[in-house]
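Trainee: Feature list, courtesy of Swiss-Prot:
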- Arg17: site 'Transition state stabilizer' (SITE)
- Lys24: site 'Transition state stabilizer' (SITE)
- Arg157: site 'Positions MEP for the nucleophilic attack' (SITE)
- Lys213: site 'Positions MEP for the nucleophilic attack' (SITE)
Amino acid sequence: MSSSYWAVVPAAGVGKRMEADIPKQYLPLMGKTVIEHTLARLLQHPRIQAVVVAVSSEDRWWSERLFQDNERIIRVTGGAERCHSVRNGLESLMALAAPEDWVLVHDAARPCLRKEDIDRLIETLHDHPMGGLLALPISDTVKRADAEGSVMETVDRKGLWRAMTPQMFPLAKLYNSLREAIAAGVQVTDEASAMEWAGFSPRLIEGYSDNIKITHPQDLAQAEVFLKRQERGE
């Protein structure tokens, strides 16, 4: 019996670095909001059963969104931090999916995700014991700075990767690892870090560099460039 695939999108953040009046996932991008592009990329993939979206209890923008009546969208209440929102999303899936089903956790502010990246995750990890994540090898020179912003050292970039999403893991393993890490007070910055804390070694899978996370105002213009290139088949 083959496993099913589900997605969780934490979307309860406020995106303070965007210097905008609304959360970055609701900013306009080519006639839609950022999160509409993101959810569409996931919903268009034939292997994904449904998408759980974790939004803030004080979110006043979601109710106006195009996807509010989509039966493949499951809305849950997010938490104080990203890890809490993901945990809440996984908890809702535990009642719907099999423990061995796969879950792809994807940032709401990554609207340029390609189908090929999802395909690569599924094809590479479907028989992997603990899962993995999209990532990019670091090619730039990396500096470590002090509190004043002065360079302390140049970091050897050999073996360093920049983590991206989706990050794909077996549902029960991720849920238990994340829940226990949070309870232990571990700083969990992504799903892979929770799995690492639990003793697993996630697989790194090189993804497309245009799968950017919108963090700063200039990222919106860059995302539009990438989306238009993708529309042209580039």
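The first residue you see is number 1, and the count goes up from there.
Using N, Cα and C of the backbone, Cβ positions are placed for all residues, glycine too.
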Trainee: Looking only at Lys24, Arg157, which of these recorded sites has the biggest number of Cβ atoms within 10 Å around its Cβ?
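Mentor: Per the Cβ count within 10 Å, the most buried is Lys24.
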Trainee: Are there residues of the same chain, six or more positions away from Lys213 (site 'Positions MEP for the nucleophilic attack'), whose CB falls under 8 angstroms from its CB, and which are they?
Mentor: Asp107, Ala109, Arg110, Met164, Thr165, Asp219
Trainee: Quick check for the class: what is the C-alpha distance, in angstrom and rounded, between Arg157 (site 'Positions MEP for the nucleophilic attack') and Lys24 (site 'Transition state stabilizer')?
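Mentor: Rounded to the nearest whole number, the Cα-Cα distance is 30 Å.
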Trainee: State the three-class DSSP label for Lys213 (site 'Positions MEP for the nucleophilic attack'), counting H, G and I as helix, E and B as strand, and everything else as coil.
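Mentor: Lys213 (site 'Positions MEP for the nucleophilic attack') sits in coil per DSSP, no helix or strand.
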